[in-house]
Amino acid sequence: MARGCLCCLKYMMFLFNLIFWLCGCGLLGVGIWLSVSQGNFATFSPSFPSLSAANLVIAIGTIVMVTGFLGCLGAIKENRCLLLSFFIVLLIILLAELILIILFFVYMDKVNENARKDLKEGLLLYNSENNVGLKNAWNIIQAEMHCCGVTDYTDWYPVLGENTVPDRCCMENSQGCGRNSTTPLWKTGCYEKVKMWFDDNKHVLGTVGMCILIMQILGMAFSMTLFQHIHRTGKKYDA
């Protein structure tokens with residue numbers, strides 16, 4: 001009976017972590033594709049030049065893939081050492097997430113202030129040769145979100161010249177429209193637009209966050225339960 005429960009739990013955890021591992025592989029693949037095809041796409045911050053969309057997705061994908069692999073191997077081998085490692089990794093990730101969320105809300109005003117300042121400094125690199133990714137990112141976000149600059153369109157004046165903005169700031173986009181002072185422009189800054197997007201989608205984001213939290217807790221529960229079952233049935237392991 002105990003052995004049957006152990007087998008059932010083992011394969012449930014293996015399947016759970018196999019899905020986890022496949023998701024990690026998918027994220028890693030997307031990150032590598034972004035890195036190869038888009039270069040430094042979405043590198044907005046001059047203070048953190050490595051914090052691009054590609055690098056972020058690669059890092060998350062790698063963590064998810066390694067964690068899933070630990071869980072799969074620990075379950076199928078019934079190895080208490082690997083199961084404990086899997087539990088500790090998930091616990092560290094969970095604690096790191098909670099600490100980051102708490103710090104974000106405690107220092108929200110400071111985060112907003114520094115983010116705006118850093119993004120404005122990043123605009124100065126818009127036309128530099130080594131920052132094509134930053135230029136692409138700003139062009140896309142301004143066109144898609146109907147915004148201009150960080151706080152408003154005047155953020156571009158010190159970068160491109162008086163009364164000059166990127167063409168994607170124009171309500172009716174056309175070649176050279178950003179140099180025409182009479183062209184209607186998007187007035188709202190992109191920072192405010194992004195904040196509005198997060199506010200409009202907070203329920204969806206909250207649901208996604210809750211699902212991730214539940215998956216992490218389930219993974220920890222599966223690993224500890226399997227760990228205890230192996231211990232009770234006297235299963236030995238290789239350290």
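Each Cβ is built from the backbone N, Cα and C atoms, and glycine gets one as well.
Worth saying up front: this structure is predicted, and the values here are computed from it rather than measured.
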* Asked: So, ALA53 and VAL150, same side of the membrane or not, per Swiss-Prot?
  -> yes
* Structure fact -> Residue counts for the topological domain 'Cytoplasmic' (77-85) under DSSP, helix then strand then coil, are 7 helix, 0 strand, 2 coil
* Asked: Looking only at residues six or more beyond either end of the transmembrane segment (56-76), which have a C-beta under 8 A from one in the stretch?
  -> 10-11, 13-14, 16-32, 34-35, 82-83, 85-86, 89-90, 93, 219, 222-223, 226
